[in-house]
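All remarks here apply to the structure that follows.
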Amino acid sequence: MLNYALLAFVPVAFALEALHAPGVWVFLASALALLPLASWMGRATEELAARAGSTVGGLLNATFGNAAELIIAGIALAAGKTEVVKASITGSILSNLLLVLGLSIFLGGLRFSSQRFNVQAANIMASLLTLSLLALLLPALFDLAERSYFRVDPRLPNLSFSHAAAIVLILVYLANIYFSLRTHRDLVGAKGEEHAEEAQWSLPVAVGVLALATVGVAVMAELLVGSLEAATATLHLSEFFVGIILIPLVGNAAEHFAAVSFALKNKMDLSVQITIGSSLQIALLVVPLLVLLGWLIGKPLDLVLRNPLELGALFASIIATNAVVRDGETNWLEGFLLLGVYALLALAFFFTPQ
């Protein structure tokens, strides 16, 4: 019901833009409009996956799970806001691993004294998360070596390294998909397979909703990015803070809600798969696709995170997540600790000088 109500902000955002309203109102309206549109994209993808069978359906869910975030980041990249794109990438990983997983564990732990999940699958995903951290850490070390040791302009080497690394990350992602859906399916399980349901929409309806929602997300993302500068000035927020905290919450709100809902039903396996799986998809698929997209459209995007706080935040989130999931059992205190880490990082980002 809420999704239908929030759709009203789509024409509101158009009207505010046409009337040249203050940028902050356009920003807020387009952000609220993105919430239901991203949700409909996810629902349509699930309907198509239900019709395609478990293997192809799992591939569809794995590929399009973060499509809304990819579109929003792609629009920002086309507008030349590379630092906002990098911040949104970091923020998406942080929100999944700390905020959403933490909230899922905390609320689930309040209802059930402890909750268990597939520790083998969680440890495999945790290992891939560690690889993802290395993939985001190495470009920063490469940049530092170029500047301080070799004393050369690192811009061209950074881009070349990032393009090559993007291809490697995509190959790792494809290997993980093959591992999850084919060779070790019983061990890992395709995302969403345990709660798969029969399709409720016809094929034309699912395709039509997906197409319309995708166009809607792209248009609202255009308005969001276009009003970003004016909105941050009015709200006295940095674009970095908006990119790392607010945009990730808007782009993936539906999946976040699903993770918490499953935890409240004592289905922690699904919550862990959604949160950690989404982070993996961002690091191993969305990030390299954005790097390659920037290469194609002439908007260079490297993988170098120059803000040490971002690197430290990623490191802290992955260490904390590994500590929580390694034993296959959670309680509310562990969830509260993850939420505490996220709150501290959000405060640090808020007080970061503009």
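Including glycine, each Cβ sits where the backbone N, Cα and C put it.
What TrEMBL says about this one:
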- 24-181: domain 'Sodium/calcium exchanger membrane region' (DOMAIN)
- 25-44: transmembrane segment (TRANSMEM)
- 56-77: transmembrane segment (TRANSMEM)
- 89-110: transmembrane segment (TRANSMEM)
- 122-141: transmembrane segment (TRANSMEM)
- 161-181: transmembrane segment (TRANSMEM)
- 201-220: transmembrane segment (TRANSMEM)
- 206-350: domain 'Sodium/calcium exchanger membrane region' (DOMAIN)
- 240-264: transmembrane segment (TRANSMEM)
- 276-297: transmembrane segment (TRANSMEM)
- 309-325: transmembrane segment (TRANSMEM)
- 332-351: transmembrane segment (TRANSMEM)
Feature contact check the transmembrane segment (309-325) with the transmembrane segment (89-110), CB under 8 Å, 3 or more pairs: yes
Range from 161-181, 201-220, 240-264, 276-297 with the greatest count of C-beta pairs under 8 A to the transmembrane segment (25-44): 201-220
Tally of DSSP helical, extended and coil residues in the domain 'Sodium/calcium exchanger membrane region' (206-350): 121 helix, 2 strand, 22 coil
Selected stretch (most C-beta pairs under 8 A with the transmembrane segment (309-325)) from 122-141, 201-220, 276-297, 332-351: 122-141
Proximity of the transmembrane segment (240-264) to the transmembrane segment (122-141), 3+ C-beta pairs under 8 angstroms: no
Remote residues contacting the transmembrane segment (332-351) - C-beta distance under 8 A, at least 6 residues beyond either end: 94-95, 97-99, 101-110, 237, 240-241, 244-245, 309, 313, 316-317, 320-321, 324
